[in-house]
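The phosphate binding site feature in TrEMBL is assigned to Ser28, His59, Arg79, Phe80, His81, Ala111, Ser206. As annotated by TrEMBL, purine D-ribonucleoside binding site applies to Glu187, Asn229. Annotated domain 'Nucleoside phosphorylase' per TrEMBL: 21-263, in sequence order.
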Amino acid sequence: MDKRVREAYEYIASKISLKPKIALILGSGLGFLANEVKNAQHISYKDIPHFPYSTAPGHEGKLVFGELFGKEVVVLSGRFHIYEGWNPTDIKLVIHTLKLLGIERMLVTNAAGAINTSYTPGDIVMVKDVINLMFRNPLRGPNDEDIGPRFPDMLGAFDRDWMEKVKEVFPEMKEGVYIAVTGPTYETPAEIKAFRKLGADLVGMSTVPELIVCAHSGIKALVFSCATNMAAGVLEQPLSHEEVVEVANKVKEKFIEVVRKALEVLE
């Protein structure tokens, strides 16, 4: 067991008595969901030994323990991006710490650019697969056999049963493939054309490192992308982070309803 993971776990466990089995990661502009947690207990990332912390706008940077729509959860209000200077292994530390805390399922959210021209800004898309163009893997280095295998199968990252239950509730929900890049620059129109040919529907700068570590740790994941803008070159207009946050706020009620239903279908 990585000593840093153990120390992060022990610090959190000393502060929180709750034992949730579900974690949620909130993407850019989606931090409002943390306000829905009842009987909330907060721990700042900066207080947790060895934890990375959030620096991107729209990411608060804290763990929120409590009850969300009838389920005990821990919400990661703010995530960690490679473009902030964090190493992918820092993301591994976070997910492995959650595993040690007893997390079995993870609902991952992100704000993404829409490559698929049938999408419109504000669509909430269920991610069915991913493409890793970050060219960096959080599992590089010595493997911890106590947590997972040296060569995890990425098919194990997604909770297909959970996805099917969500589709029964939202039969019209779009599904898509998410392609991950490191950022922080937005993609060029030529890159978006190439990504489309690779089969990508959405593009973003997160999510895949977390999914890789989930697959390694045996944590089953469900992923929702909020398509906050059309990707570069789809429309003749510049991209901005302000637009991402603005659109995420506009779909606040719809997004909360999707997450509520996604949690309610779990037994």
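Cβ coordinates come from backbone N, Cα and C, glycine included.
Within 10 Å of the C-beta atom of Arg79 (phosphate binding site) sit 28 other C-beta atoms, taking all shown protein chains into account. Calculated from their C-alpha atoms, the gap between His81 (phosphate binding site) and Glu187 (purine D-ribonucleoside binding site) amounts to 16 Å. Its own atom aside, the Cβ of His81 (phosphate binding site) has 21 Cβ atoms within 10 angstroms in the protein chains shown.
In the three-state DSSP reading, Asn229 (purine D-ribonucleoside binding site) counts as strand. Ranked by Cα separation from Asn229 (purine D-ribonucleoside binding site), the binding-site residues Ser28, Arg79, Ser206 are led by Ser28.
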